Amino acid sequence: MEFEEGLNGRADKNFSKMGKKSKKEKEKKPAVGIFGMFRYADWLDKLCMALGTLAAIIHGTLLPLLMLVFGYMTDSFTPSRDPHSDRAITNQSEINSTHTVSDTSLEEDMAMYAYYYTGIGAGVLIVAYIQVSLWCLAAGRQIHKIRQKFFHAIMNQEIGWFDVNDAGELNTRLTDDVSKINDGIGDKLGMFFQSITTFSAGFIIGFISGWKLTLVILAVSPLIGLSSAMWAKVLTSFTNKELQAYAKAGAVAEEVLAAIRTVIAFGGQKKELERYNKNLEEAKRVGIKKAITANISIGIAYLLVYASYALAFWYGTSLVLSNEYSIGQVLTVFFSILLGTFSIGHLAPNIEAFANARGAAYEIFKIIDNEPSIDSFSTKGHKPDSIMGNLEFKNVYFNYPSRSEVKILKGLNLKVKSGQTVALVGNSGCGKSTTVQLLQRLYDPIEGEVSIDGQDIRTINVRYLREIIGVVSQEPVLFATTIAENIRYGRENVTMDEIEKAVKEANAYDFIMKLPHKFDTLVGERGAQLSGGQKQRIAIARALVRNPKILLLDEATSALDTESEAVVQAALDKAREGRTTIVIAHRLSTVRNADVIAGFDGGVIVEQGNHEELMKEKGIYFKLVMTQTRGNEIEPGNNAYESQSDTGASELTSEESKSPLIRRSIRRSIHRRQDQERRLSSKEDVDEDVPMVSFWQILKLNISEWPYLVVGVLCAVINGCIQPVFAIVFSKIVGVFSRDDDHETKQRNCNLFSLLFLVMGMISFVTYFFQGFTFGKAGEILTKRLRYMVFKSMLRQDISWFDDHKNTTGSLTTRLASDASNVKGAMGSRLAVVTQNVANLGTGIILSLVLVYGWQLTLLLVVIIPLIVLGGIIEMKLLSGQALKDKKELEISGKIATEAIENFRTVVSLTREQKFETMYAQSLQIPYRNALKKAHVFGITFAFTQAMIYFSYAACFRFGAYLVARELMTFENVMLVFSAVVFGAMAAGNTSSFAPDYAKAKVSASHIIGIIEKIPEIDSYSTEGLKPNWLEGNVKFNGVKFNYPTRPNIPVLQGLSFEVKKGQTLRLVGSSGCGKSTVVQLLERFYNPMAGTVFLDGKEIKQLNVQCVRALGIVSQEPILFDCSIAENIAYGDNSRVVSHEEIVRAAREANIHQFIDSLPEKYNTRVGDKGTQLSGGQKQRIAIARALVRQPHILLLDEATSALDTESEKVVQEALDKAREGRTCVVIAHRLSTIQNADLIVVIQNGQVKEHGTHQQLLAQKGIYFSMVQAGAKRS
């Protein structure tokens, strides 16, 4: 018992730790530690980062070093500029005075300094490349590992973890959050170290050149550092909240897109948009707060920087006037400190990126670090050489982690001997399926023990345990690959002969061989291209190929028609020979031959025995048998006919939403799913479908925020102009010492110019705040609008768009997560910086040409600057191509991840976690290789643009000396041109670092514009068409031909004609996959017929408004519920109004679910879990029926509406449905003939055509296909 308690305690601790957190905890959520961000760096990554950091440090040192050279050079100029100056020349000036102040001497000196500049530029070219490329390489390698580790961690979690955590958020984290980590730990960190070194080196050189002045300037620096630190802290907190809101929005989007048919059928688009928008609104609100806080900090930083300039020049000029320093010294100190402090400004985007990365990494690393109590990857545990198959449940108590207050099993005791077949029977939700889940160790019991061959299963290796068990569940999940691959999921390394043998045993061989691609046919996402019966048979083949010791059949034949069921049941009977088998079935005809039948009630077994024994006891089993047989003269079980002439083609294409709703709507193409071909087709699709957009088209997306953008641009222009104005003031201060003014005049002028610096600081504070706030707000509004518009456009599309292999849930949620934020990346604060830098350079050039007689030097610099810009353009072009490749390749990995996460229970049962990991890892190979290439491209182009600045220094001062020597320019004007143009060019060079963001934005904007402008053939938002006040319910199909868009060559309906009058009940019968559910989809107007016409009340369905057409009630075979309360799920039946609680309760009573709901602690407020996983199949089905009834529809569509119900529930629900269809037109699809015979009209469909029609008695008299079906049913009973 100690062993059990330890395990259970650990499980409880885990769930409480990983479950719902309190509000307080969320608010105080910390970020990952600085060094913790690099936890996945190996020795090579560390070497790359170390060398990259060393290169960044050298790079950061070279610019302040340049200022040292600049100081010496200034003192070379000063004597030639002001030979009659009475200023005492000290320090560097004394050295320079030893030179002959002649034109030749000046030019020779300047040539030497030009060589220094060129040498420093060459050094920058090398170290800048090493810095950027190595940091990008290290980041690319670490991100590759993080993606794999994160996916591994998800695959390693236990089912209980998914019950209490929103799986929908995981895909957003895999894309958006990992991208943020990549952004934060790559080249921006290299630039961070570069800026820090520039800051440090600047101050060191400042101290060496003039410690007094440096100390004065340094007095302001702690305040600047403090504001940066506070900003980073606040930013991390806001980023966490923003990411959380976006993750919630992403979870909503994934849930909605996964259930798109349910959403469209019930007209839930508006409701889902509001739900999505609510989370976006929260993210926008946090984002705007973040922008305000951040930009107050930036404004304060700039105010402090300019205040330090004012102080520096005021004190510096005093030192020059008192003959303590030369002007060269003051400039060396000033520029060194200036560069140091400006480098703090450049830290801002890098700190922001790293803060964002730390916030994003917190949740990811938390999941990676979560140790599951049931570890499917563990190598620990016993692996017996042989398994006999004796099973025992000893006093087992259990409740689900997400609903701990609801007890499911209350002391279950059950023994199953080796080779025995035990059938579990009982009402829906009594704990039968829970028993099967405990045996697979998907959960551990709260108390008690489950053992195999006398050994507690908790001591057996988890993977080994699951590999000896074969499972076929009520709602089987197939993966979006070929039929053969789906069966291979059952057991790796299985041969083709074994696959064929398994499908023959499962009665699937014939329909597979009739398909064009046979075993290589793609089944679509979640098996969407197959009918329910076909999916079930492939799932059975998958279980059989496993050759399991223990077989668990949870309603394994529920979706099959009579003939298929008989053959498959025989196959299962054969398969369970020599195996221990547990069968759960509602149809008692399938359990009567079991060795032991166990009757469940209230979470315990109340009776055990074989059929005859239990019939004598007249207990639960007897009651169920009598309920089922009463009134079923024809047969007590399931019937529907499958003709031998049935073509596999028509079977398959009834992709029919047999299940229309759970299977999730989005299907993949018929191309093979070999990785290479898939990638190739993806790339071709990109080239065809993504027209590139211009900057103006991207800007147009933000045009509604033009007042914000105008103010933002205006502020950015002012900020850009401040730098050239600074150049004028700076040159004037230098000029003060060139003129022969008296001491008092010089001091007065210096005081005035110093005060101007303070004024510039105040202006900067205001303009930086408004620039950041306006662009930040516009960017957040844009992100919200784009996500909303894209999601709205997705929900507008018709079902055929979702059928396209490019539009799976995974790729759509990936696009939603990344596209809007990518566009914002080019439009928000980055656009502000670009505008500012362009204004900076433009104003500098204009001032130099117009106000200064230095056009020759300006022109030289104007020739050099395009080279810097050219580097940026080349960089952008190259990176744009890489961004497009990355985007598509990561969409492929997103599809794989989504499929694995959504179908996690199936993946775990099949022990195929490692298979999905391998597939995911393979899908990451191309993005990984692209990231490594991109590192070098970015490194080369960045190094070029940076080095060109130094080369421009060399050219500027060499040519400046030439002009000064020939008296064509004054030194003051050389300084003005140099400061205005070169610093502007430096800003332009920095702009090129935004090239990757702009490249990504262009690709994303093209996708966004493409989907927003796409108008579907069947427009769910259309207000056009006739809107009759009342639909009577007359339905007519006239010569309807149809095939699914994904398989244009395979006909489904081939001239279908029938008519059903108002208030009549039409029953569609026929073989699995003959086109019955296609009729339902055409009535819902999910598709338009290829030929022929569908009429509603005598009007062609296309002429009616699409929302009016969809005012139908629908209950499908595998209903999808949303992760919200039971009340909200029922109310979802009618989204055109607010459904009252009384109506919800009434609908629940009619569907025989009220009593169960009322027994729950939270009653109608109980959450049902993702896709209703917290409920049994029967409970889900009854809630789906209540959802349809609350709509009070004129036409009711029932596609196997009672197939998942147990006998007792089915009888009551069938009565409710019979009552519900009074006065309504009903179209019913059912396999059980007991539910068919009372229909007003029975239509037998074969090969997409009506073969027989009439009442039950008329069709029996014809002795045709229907008669054969009845005979088959009679034999079975």
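The backbone N, Cα and C atoms fix where each Cβ goes, and this holds for glycine too.
If you compare ASN96, ASN807 in Swiss-Prot, the N-linked glycosylation site annotation sits on ASN96. According to Swiss-Prot, THR74 and CYS750 sit on the same side of the membrane. Record note: of ASN14, ASN91, Swiss-Prot gives the feature N-linked glycosylation site to ASN91, with no matching annotation on the rest. In Swiss-Prot, the transmembrane segment annotation falls on 330-351 of the listed ranges 242-263, 330-351. It is 330-351 that, among the stretches 43-65, 116-136, 215-235, 330-351, 710-730, forms the most Cβ pairs under 8 Å with the transmembrane segment (186-207). Remote same-chain residues near the transmembrane segment (755-775) are listed as 291-292, 294-296, 298-300, 302-307, 309-310, 313, 708-709, 711-712, 715-716, 718-719, 722, 725-726, 729, 827-829, 831-832, 836 (criterion: CB distance under 8 Å, separation of at least six residues from the stretch ends). Beyond the transmembrane segment (43-65), the same-chain residues lying 6 or more positions past its ends with a Cβ under 8 Å from any Cβ of the stretch are 120, 123-124, 127-128, 130-135, 137-138, 141-142, 189-191, 193-202, 204-205, 336, 339-340, 343, 946, 950. Using a Cβ-Cβ cut-off under 8 Å and counting only residues 6 or more beyond its ends in the same chain, the transmembrane segment (710-730) has close neighbours at 309, 753, 756-757, 760, 763-764, 767-768, 770-771, 774-775, 778, 832-833, 835-844, 847, 851, 975-976, 979-980, 983-984, 987. Contact check: the transmembrane segment (116-136) against the transmembrane segment (935-957) gives at least three Cβ pairs closer than 8 Å, residues 6 or more apart, which meets the contact criterion. The DSSP breakdown of the topological domain 'Cytoplasmic' (236-293) into helical (H, G, I), extended (E, B) and coil residues amounts to 54 helix, 0 strand, 4 coil. According to DSSP, the topological domain 'Cytoplasmic' (137-185) comprises 44 helix, 0 strand, 5 coil.
Note on the domain 'ABC transporter 2' (1035-1272): mean pLDDT across this stretch is 80.
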